2 protein chains.
Amino acid sequence: MKPSKSNAEKLSIFALGGVGEIGKNMYVVQYGSEIIVIDSGLKFPEEDMLGIDVVIPDITYLLENKEKVRGIFLTHGHEDHIGGLPYVLKHLNVPVYGTKLTLGLVESKLKEAGMLGETKRILVHADSVLKFSKVKVSFFKTNHSIPDSVGICIDTPEGVVVHTGDFKFDQTPVNNDFADIHRMSEIGKRGVLALLSDSTNAERPGYTGSERSVGASLKEVFRNAEQRVIVATFASNVHRLQQVIDAAAYTNRKLAIVGRSMVNVITIAAELGYLHIPEGMLVELDEVNRLPSHRVAILSTGSQGEPMSALTRMARSTHKKVEILPGDTVVIAANPIPGNEKYVGRTVDELFRLGANVIYGYNGGGGVHVSGHGSQEELKLMLNLMKPKYFIPIHGEYRMLRQHGLLAESVGIDRENIFICDLGEVVEIHNGVARKAGKIPVGNVLIDGLGVGDVGNIVLRDRKLLSQDGILVVVVTLSKQDGKIVSGPDIISRGFVYVRESEGLLDEANRIVSGTLQKLTGENISEWASLKTHVKEALGRFLYEQTRRRPMILPIIMEV
Amino acid sequence: MKPSKSNAEKLSIFALGGVGEIGKNMYVVQYGSEIIVIDSGLKFPEEDMLGIDVVIPDITYLLENKEKVRGIFLTHGHEDHIGGLPYVLKHLNVPVYGTKLTLGLVESKLKEAGMLGETKRILVHADSVLKFSKVKVSFFKTNHSIPDSVGICIDTPEGVVVHTGDFKFDQTPVNNDFADIHRMSEIGKRGVLALLSDSTNAERPGYTGSERSVGASLKEVFRNAEQRVIVATFASNVHRLQQVIDAAAYTNRKLAIVGRSMVNVITIAAELGYLHIPEGMLVELDEVNRLPSHRVAILSTGSQGEPMSALTRMARSTHKKVEILPGDTVVIAANPIPGNEKYVGRTVDELFRLGANVIYGYNGGGGVHVSGHGSQEELKLMLNLMKPKYFIPIHGEYRMLRQHGLLAESVGIDRENIFICDLGEVVEIHNGVARKAGKIPVGNVLIDGLGVGDVGNIVLRDRKLLSQDGILVVVVTLSKQDGKIVSGPDIISRGFVYVRESEGLLDEANRIVSGTLQKLTGENISEWASLKTHVKEALGRFLYEQTRRRPMILPIIMEV
């Protein structure tokens, strides 16, 4: 690396999403008045985010510095890297840069949101170079579980920042779609000031298997299957889809596609030339039943046991067009994402019950899945290629970042040059010296239906309470004149107990509310807030004693 | 096996809990008018059982045949085998048979429930034989992750039924506490009519590691730790606890115990002679801070990341007595039980953040955990030892039972002699011929606080709804005379939106309710049910259009 001359401006690097978590990746590299944003992903809700559909990063910082943002540069087309775009672009209308397949997927997303016209999209290739005032952006090809993935290289007067994107090193990639290890080597040779690298598999020793090995396993499965073969996998894993197509061709089977996202990705990938489907192989789902079973394959969504997906509906015998038959072979060519293990397990159970032969990636069974992220040896290889002065592990839970940090130490990076950051923590580099320099505002923006950010901690706390022990609504009408009870109290409960079996309990609860009100209105305490508090306390105490439950209690007092 | 002579009576075998699920194990073997119950466990709730504490089997069949039940025979002292006893014995007061440690744990449980006096407990040894009218019960020693585990052998005029309990084959067990492979061999030689065997690890190839290997890893960890060592593991894994004690002794550390269940099990196990703690090794938690850090070890609960457990509180810096310090070594000597991965991961993250060196069993890291259940080769060994005519895989999700069935086929059991059963499905054997013979009533009894069985599908469905989008309560008072609105409508929401940020929405909702009511009361539809339905529909439609959410809507109409 060339020694940097004294700069007036500073280089700042931070994450709006993607560190200390898996998902909603969004990284910011700012040099002076130029901001480069890398990716704009979404995250699926944690189990305590009840009722939430998706989560995106808080982009307050970017909105406050709108005029500095040069664009959003995408590493690849996965939801955790592009899924936030429709929400983000609504408020931050900046150009989006991406490779062909990535932009193809983004465009389908923007179209659906009715935002295609107003978004400037710029197609880049692995050898594109984009020059801004003092900053230059270029790319390098990587291997990942979706084609057209790139790492991003940002040249600044302070030095070069490299963001790997999601990557593995696949030495035998499908379609000979090799990572550009030579360019990585050159970048490293020229000198890297800071490396931001994917930590997903930092806990996993060794090397990640080659995608091509999955192809061999699939062919084996297809050859041995005496009847239909149904394969569920990630729709976006285009190389995997290609291998399913190849296995179907190899065994002379027609292929039907099921599931909205599967149809969508296959359409886009085939149009853009990333997927090669033999003429006449595709058939409509309706035709499947008219073909001999050993001439049929089906490619489906649902590899995560998602409740509404095609495979889950087949497993529950509620799919309109596909019925699982004894002797069918079902391949789940995916590992469950942490948190989905039970859903996937249940799907496998149901499929077995229907008499299917199930091959599930689960625990590495059958060789029908490999990860798209490099394991420890590959992460070390990237570190050794780039030889960065500073290292910032990204894309992972805290423990993964931490393990990645240990790997960096093991290849000779100084411990004090490794920055494990929380969301929004800024690594500032000035005149070649890096330090943590405060924190910009960050957070989760929760999306529930059409609502963006209107569900926060209080709403979530209430949902949690409601989910545990339900709610009791206590309604009573008091006379304005003398505070006497005119009507009620009525107690209505939901999610608390079976009302029929608990009449005695609810009758007693009613007496307690009446008694409390009579006592208080007798004492002439006519302030409603206090009445409500007393009703809540008395009833809550009684119910806890009787049931050891704490339902939400909502007293409603009307005056007439 | 001796050919059985023609019997007047039939042998029936079925599960009230434990097949098609992990947990609430309870198996029934009935010959004529004699019922032998094996185990009485509980299960932790599935993720859709909101607010439920634990789940036990429905024992209607046993209650209806009370006089036939000879007793509950326990295989070992884990919660999924004994945890249901306090609930079951309340209605079915029969003798409980168990080995020393198992009964010790049961007694502590019954004491807490105030039921010790009224329960007949009978201590058995591995060589006890219990003779009933036509049925004889004996035992054989097994290896499992708790000492004093046994398999159960039930001699009936129809033939011998063997229930393995939970087992592995540990060739180098801690304390040389060997499984009695010779007795198993004899039982098999004399002839087994039906084998019921543990399917937990039927999906896992090879052999399960020896518990002793964990001891070696722990010693290594303790030796390398420069400061305190904190080990979290399952309280009931007494051999594991012994190895932690040994590692502490080996490195000359004092040991403090933290967590209610850990203190409880250690007290019982030490009293009964299953745990050997060197004189003077144990110290109170308060003393820990006064000792040099390299002379301290702590044994803790919380290996599953349970929110209220000791380790979780340490990780969140909310434990009253133990503060994690940089340089502490924390060992999580357990694998996450499916569903707990995220909790454990979060605990590991927090511990790393506090500067601890964390060794987590997760993904087999560090060799600090082995399973208590045999893998495929051990399951085949059991099948080959017992050589049963009929095989009933138990103790597992459906896919595990199914895989266990395939293992049985692979060692030569006829496919039609393998019975994969749902809960309550009866395998009936008469004159040497087995067949499925109907289903007895079974199910989940949900326990929520003090309520046993008062939460069912409707309550759970409401909790689910409430947890997703919250609730809106609409209150309005109408005049008895003319149906006009006297007061309200008032809309109170919980768990729906931030009220402050959504005033416009709620105001509009209010107008819609008013409008609907005015229109209807004008039309003289004064039936409340219909009024409520109309309010619900109009408001529901409006809210869905505006927010794409479907909160529960609870209209309350008062008349004055």
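Glycine is no exception: its Cβ is also placed from the backbone N, Cα and C atoms.
DSSP assigns A:Asp198 (active site, proton donor) to a strand. A 10 Å cutoff on Cβ-Cβ distances gives A:Asp198 (active site, proton donor) a total of 30 other Cβ atoms nearby, all chains included. Per TrEMBL, active site, proton donor is recorded for A:Asp198.
A:His373 (active site, proton acceptor): 22 other CB atoms within 10 A of its CB, across all protein chains. The feature active site, proton acceptor is assigned by TrEMBL to A:His373.
Following the DSSP three-state reduction, the secondary structure of A:Asp53 (Ca(2+) binding site) is coil. Taking the Cβ of A:Asp53 (Ca(2+) binding site) as centre and 10 Å as the limit, one finds 17 other Cβ atoms among all the protein chains shown. Per TrEMBL, the feature Ca(2+) binding site maps to A:Gly51, A:Asp53, A:Asp448.
As annotated by TrEMBL, Zn(2+) 1 binding site applies to A:His76, A:Asp80, A:His81, A:His144, A:Asp166, A:His395. Reduced to three states, the DSSP call for A:Asp80 (Zn(2+) 1 binding site) is helix. Counting every protein chain shown, the number of other Cβ atoms lying within 10 Å of the Cβ of A:Asp80 (Zn(2+) 1 binding site) is 22.
The Zn(2+) 2 binding site annotation in TrEMBL covers A:His78. Around the Cβ of A:His78 (Zn(2+) 2 binding site), 25 further Cβ atoms fall within 10 Å across all displayed protein chains.
Counting only same-chain residues at least 6 apart in sequence, those with a Cβ under 8 Å from the Cβ of A:Asn237 (substrate binding site) are A:Ser145, A:Ile146, A:Gly372. TrEMBL lists A:Ala235, A:Ser236, A:Asn237, A:His369, A:Val370, A:Ser371, A:Gly372, A:His373 with the feature substrate binding site.
For A:23-218, the entry in TrEMBL reads domain 'Metallo-beta-lactamase'.
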Whole-number Å value for how far A:His144 (Zn(2+) 1 binding site) lies from A:Ala235 (substrate binding site) (Cα to Cα): 14
Local confidence of the prediction over the domain 'Metallo-beta-lactamase' (A:23-218), expressed as mean pLDDT: 96
Residues from the binding-site residues A:Gly51, A:His369, A:Asp448 that lie close to chain B, Cβ under 8 Å, in sequence order: A:Gly51, A:Asp448
Listed in sequence order, residues with CB under 8 A of A:Ser371 (substrate binding site) and six or more positions away: A:Ser145, A:Lys168, A:Thr200, A:Asn201, A:Arg204, A:Thr208, A:Gly209, A:Asn335
By Cα-Cα distance, the member of binding-site residues A:His78, A:Val370, A:His395 nearest A:Asp53 (Ca(2+) binding site): A:His78
Nearest of the recorded positions (A:Gly51, A:His78, A:Asp198, A:Ser236, A:His369) to A:His395 (Zn(2+) 1 binding site) - Cα to Cα: A:Asp198
Among A:His76, A:His144, A:His395, which are binding-site residues, the residue with the most C-beta atoms within 10 angstroms of its C-beta: A:His395
In sequence order, the binding-site residues (A:His76, A:His81, A:Asp166) whose C-alpha falls within 10 A of A:His373 (active site, proton acceptor): A:Asp166
Non-site residues, in chain order, whose CB comes within 8 A of the mean position of the CB atoms of A:His76, A:Asp80, A:His81, A:His144, A:Asp166, A:His395 at Zn(2+) 1: A:Asn25, A:Asp39, A:Gly41, A:Thr75, A:His78, A:Ile146, A:Ser149, A:Gly165, A:Asp198
